[in-house]
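I have placed the structure first, in the form of structure tokens, so that the comments after it can refer back to it.
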Amino acid sequence: MMIRRFLRYYSPYKGLFLLDISCAVAAALLELFFPFTVQHIVDTLLPRGDWKLILGACSLLVLIYIVNTVLKFVVGYWGEKLGLYIETDLRIEIYTHLQKLSFRFFDNHKQGQLASRITNDLMDIGNMAHYGPEHFLISTFTLAGAMVMMFHANWQLALPLSLFVVILLAINMHFMRRLVVTRKRMFGAVGGFLSRLEDGIGGIRVVQAFANEDHQRKLFVSDNQRFCEAKIDGFKNVAQNEAVTYMFISLLPVLALLGGSWFTLNGRMTGGELFSFILIANVMVMPIRMLAAFSVRFPNGMAGFKNFVEIIDTEPEIKDAPDAVAVSSLRGDIRYEQVSFGYREDSTVLNTIDLSVRAGETVAFVGTSGAGKTTLCSLLLRFYEADEGRITIDGMDIRKLKLASLRQQIGVVQQDVFLFSGSIGENIRFGKLGATEEELWEAARRAQLDDFIRERPAGMDTLIGERGVKLSGGQRQRIAIARMFLKNPPILILDEATSSLDTLTESSILQALAELAQGRTTLIIAHRLATIRHADRIVVLTEEGIAEEGGHEELLRKNGIYSNLHRAQVGA
């Protein structure tokens, strides 16, 4: 079943596949002409003493080798391209599928493991795609042809040699099964190893700030050791397989020489037949080596393909309904109706939330950590699906809207701004990929970022480093705000957008955010209550649900949860 599924990836390259296989088979069959020709020269042409015929036969052999050289070039070059094309197709397919999966999938999978499946696994699959069918068919045709010639020459000698080869193939199959188990363990180890490496490099500032280099090193060494042990197990199996194979293929010509000599001395084989028999035994060495290599590449490739299929077969938890419609614009009337949600089945974060937000209204969410503020906004974007109830925008259930068009209507500015390793202009343009230079500069101006950009020698082309490491926190936030001006969505979510900034920077960023929020439905998640006092409405969330809602002054007069939070911050 798995092999049949893998073979479907050859379909776009049928012509290239047939060229590779036909050349491989032709090269294998031509190998068999050499022993046959040598026997003919020794038994027929030499006794005649006709030098011209001998020269003609040798010239034929040279021609065969020239043709075989061309065939092997085609197999080596075009076959490699075939494997690479399939590997590239698989990489595009898995990357495209990963982009469709919900946040819940990524919550449960390490980035390092996913990266390993897109890189290491697919390289093994590419090798199998090229060498798998090729080696299998070449070996099969060459061995079958060699055995036919052996049995034709002397079946009594061919029979024990054939049994000898069968035993070797059985041993190869045994090691193949062991390699499948070993490779699965190694794939798991390399995923953990890459995740640890990613954490160590990506979090180097935190590691060094806490002087925890030794601790991280110990964790890395532990993961590295597990990876090393898994690879050693694989090397051991491969080495044992190669050693046994070498012993068998080394004995094969010796056995052919020993048995053939006995038959020749007893007058049951000619000298030419003995010569041919030994050469046929040598011809069998190459396909046996190929089968040994196949017994390594095949389990490696299939283990990688099983990991690939595991991801591809993961159904996106959140996808467009069959009757979903695209929306080009929304007013921004939002309604949560009896919405409940939990990240795990045994834990609920939101309990029967009922909430309405009018178009153009600014609503702030406050509460203790874990009360569900960010979750409430994540459900609006359908990063997760509500367990119960429904959410509507302009009276339309968001599950009836196409995901892409829904998310195009909503903009998010977060505390931890993610910037790509490129230029300032590329990161701003992410808000609208087809934006003109004029639109780009206008967005930068409105985000109060244009002066900073003009001061850079490269301007919009200034490189910002990985995740914007060369920029300050305020500059990163301004780029995120500029993105939103460029995207110009009717609904805006500000998730702790200024909480990591100093007071002076926060003040200027708040001005840009205030302009950004004008005329939009805006949902604000904040811990600093001073930043939301001008919101049209403040909603206080607790683990039980909505505890309070109203304006800043109104909530202070109630002397409830919000008032206590306010006093605690003012007192602080």
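Placement of Cβ uses the backbone N, Cα and C atoms for every residue, glycine included.
Going by TrEMBL, these are the annotated features:
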DOMAIN    18-300  domain 'ABC transmembrane type-1'
DOMAIN    334-568  domain 'ABC transporter'
TRANSMEM  12-34  transmembrane segment
TRANSMEM  54-75  transmembrane segment
TRANSMEM  159-176  transmembrane segment
TRANSMEM  243-263  transmembrane segment
TRANSMEM  275-296  transmembrane segment
Same-chain Cβ contacts of the transmembrane segment (275-296) under 8 Å, 6 or more residues past its ends?
28, 31-32, 34-36, 38-39, 42, 131-132, 135-136, 138-140, 142-143, 146, 149-150, 153-154, 157, 161, 165, 168-169, 172-173, 175-176, 179, 238, 241-242, 245, 248-249, 252-253, 255-257, 260, 269
Restricting to CB pairs under 8 Å, which listed stretch, 54-75, 159-176, 243-263, is in contact most with the transmembrane segment (12-34)?
54-75
To what whole number does the mean pLDDT across the domain 'ABC transporter' (334-568) round?
87
